[in-house]
Amino acid sequence: MKSEPLSYLGKDGGPWEIFTEQVDRVVPYLGRLAPLAESLKRPKRVLIVDVPVRLDDGSVAYFEGYRVHHNTARGPAKGGVRYHPEVTLSEVMALAGWMTIKNAAVGLPYGGGKGGIRVDPRKLSPGELERLTRRYTSEIGILLGPDRDIPAPDVNTGEREMAWMMDTYSMNVGRTVPGVVTGKPIALGGSLGRRDATGRGVFITAAAAAEKIGLQVEGARVAIQGFGNVGNAAARAFHDHGARVVAVQDHTGTVYNEAGIDPYDLLRHVQEFGGVRGYPKAEPLPAADFWGLPVEFLVPAALEKQITEQNAWRIRARIVAEGANGPTTPAADDILLEKGVLVVPDVIANAGGVTVSYFEWVQDFNSYFWTEEEINARLERVLRNAFEAVWQVAQEKKIPLRTAAYVVAATRVLEARALRGLYP
Amino acid sequence: MAWIMDTYSMTVGSTVPGVVTGKPHALGGSEGRDDAAGLGALLVLEALAKRRGLDLRGARVVVQGLGQVGAAVALHAERLGMRVVAVATSMGGMYAPEGLDVAEVLSAYEATGSLPRLDLAPEEVFGLEAEVLVLAAREGALDGEMARQVQAQAVVEVANFGLTPEAEAYLLGKGVLVVPDLLSGGGGLLASYLEWVQDLNMFFWSPEEVRERFETRVARVVDAVCRRAEQGGLDLRMGALALALERLDEATRLRGVYP
């Protein structure tokens, strides 16, 4: 009997439909596991909760909250919680599915989950936000637990919200459980090295890719789009390993210096003036010229859909390392492939963050905390292994790294599913 | 083990890899588990031989029994610089005084279910000229009578109760190094323990890290058993038993009688 498609999203599938299409595209490479791919097109569980909050003016506002476990074959559900007025069930489901893929691609012992509240957090006071977070945490508490489901920060949530979530869960179960969320402040069981983790990961995977194509990091030129947490940590890592960061672009402008920009110095400028514009030790450049710069590494670390069919043909870099999520459109991907530009896909390139989240959770289990050196060494090992596995599959099957990452991930998830069998 | 883990996990509602050991690697199994029993037996043998001043480099090894453990012992013996001169199954033994190519023999055995060549009857392998005899077949494989043929300087009891008490008494009397099952057979259990620790932490070690921790613990156990045996003038089996029972007794006494 054929399984019916999911009914609860209605006619317009939204982002979830895009996710299932991505799954379909990987199926031809899954061999004997292909029949199990259907299990990826159905989330394991979906919880919709009502989140009433008493506002500062005494009235009560009601918000829609979600928590989705997409797949837990490889371990507990793991994925962030976002606060955004456009959050929908379909989006949360798709993001949960994407976490299943990402965790498996990196080789972390997690399944995929995601949560969200349909709310514009800018319209709430800190007190209202705290009540919202605490009520939401209690409502989804039936799914949470360090061995069941471990939320993390996402859009519009951070250390503050994670601290509230940890406290609420802990109060509800009657003891302190730091391992129930990651991305906590250090004082509450957060991990060292988390802030720089994603940027470091971008460098580690880009360097691993460079090794494969015989490209030297030392002396190589690097252009970075975005100078937030990810962009500036990546810039520092490249700089520390002897590469030259020649161009940086952010929302305020683009700066260029062929001799190289010291990212530590630029960071001081950005902290003072709010952006790279006006940085005195480099020249300004029109934004559009950024993409065609003569560099070896290009790191899009800002927003999604930055490399499009409009600018992809201008790119002269040999390696594009995706620090942001989804910075390359599928059409641009095809152009880069044709031009022979190696794209290190977001799934592994920006996985440093979730990897250190994983380390945080492991440390919380043990109540024993590692040094920053230990964390960085382990981060490098995890990401290098992840890259190597994806590279091997890409070579074997003659497919781009992005497809290979999905193949590796889907294979790992379905392998676990096959080994575990169908309950009962 | 995968089914057991899945069923338990589904029943409690969350993934609990640590509830069973011996799982596939993809579900929280450990590196190096498959051949841990074989490796453990050989590491114990090495450590004991060293204490006795017995040089195992180039030593001739006879392996009786080619199940998972026997096969792993044969492979590791070769890797550790010994020479596997004979292997035997219940059908008979294959013998080459200059040494067998273990990997080749094993793959043939795996593919066809029998050894490529049978040179000896099953019992004849006990009397072969060799430094090490490994018993990896079944209980009571070597009895008092057959023990008289043994020329090896070390007999490793990998299968539980591989030696009959008479055989052991005879060999000990002759000054042969007898490595009892209690001591040599712990590798599989030790690997299970390391798997469980990794599952509890959900943090998984590299093959090198597993190997290092495995070796450290084997060395520690051998040391403790030898010291206990020397202290009481006991053989290794009695030493291991005494140590185990004393540990159990200590824990029982410390905990007291409930309530």
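Even glycines carry a Cβ here, placed using N, Cα and C.
Note that this is a predicted model, so its numbers are computed, not measured.
Quick look at what TrEMBL annotates:
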type     : residues                                                   : note
BINDING  : A:LYS78, A:LYS102, A:SER357                                : substrate binding site
BINDING  : A:GLY80, A:MET99, A:LYS114, A:ARG194, A:SER357             : L-glutamate 1 binding site
BINDING  : A:GLY80, A:LYS114, A:PRO153, A:ASP154, A:ARG194, A:SER357  : L-glutamate 2 binding site
ACT_SITE : A:LYS114                                                   : active site, proton donor
BINDING  : A:ARG135, A:ASP167, A:MET171, A:ARG420, A:GLY421, A:TYR423 : L-glutamate 3 binding site
SITE     : A:ASP154                                                   : site 'Important for catalysis'
BINDING  : A:THR198, A:ASN229                                         : NAD(+) binding site
A:LYS114 (L-glutamate 1 binding site) and A:LYS78 (substrate binding site), Cα-Cα, nearest whole angstrom: 7
Cα proximity to A:ASN229 (NAD(+) binding site), best match among binding-site residues A:PRO153, A:MET171, A:ARG194, A:ARG420, A:TYR423: A:ARG194
Intrachain C-beta neighbours of A:LYS102 (substrate binding site), sequence separation six or more, cut-off 8 angstroms: A:GLY112, A:VAL347, A:ALA351, A:VAL354, A:ALA409
Residues from A:LYS114, A:PRO153, A:ASP167, A:GLY421, A:TYR423 facing chain B - binding-site residues, CB under 8 A: A:GLY421, A:TYR423
Additional residues surrounding substrate, by Cβ distance to the A:LYS78, A:LYS102, A:SER357 centre under 8 Å: A:GLY79, A:MET99, A:ASN103, A:VAL106, A:LEU108, A:TYR110, A:GLY112, A:ALA152, A:VAL354, A:THR355, A:TYR358
Fewest other C-beta atoms within 10 angstroms, as judged across A:LYS114, A:ARG135, A:ARG194, A:ARG420, which are the binding-site residues: A:ARG135
Of A:PRO153, A:MET171, A:SER357, i.e. the binding-site residues, those within 10 Å of A:ARG194 (L-glutamate 1 binding site) when Cα atoms are compared: A:SER357
A:GLY80 (L-glutamate 1 binding site) to A:TYR423 (L-glutamate 3 binding site) - Cα separation in whole Å: 28
Of the binding-site residues listed as A:MET99, A:ASP167, A:MET171, A:ARG420, A:GLY421, the one whose CA lies nearest the CA of A:ASP154 (L-glutamate 2 binding site): A:MET99
Nearest of the binding-site residues (A:ASP167, A:MET171, A:THR198, A:SER357, A:GLY421) to A:MET99 (L-glutamate 1 binding site), judged by Cα-Cα distance: A:SER357
A:TYR423 (L-glutamate 3 binding site), number of other Cβ atoms within 10 Å: 10
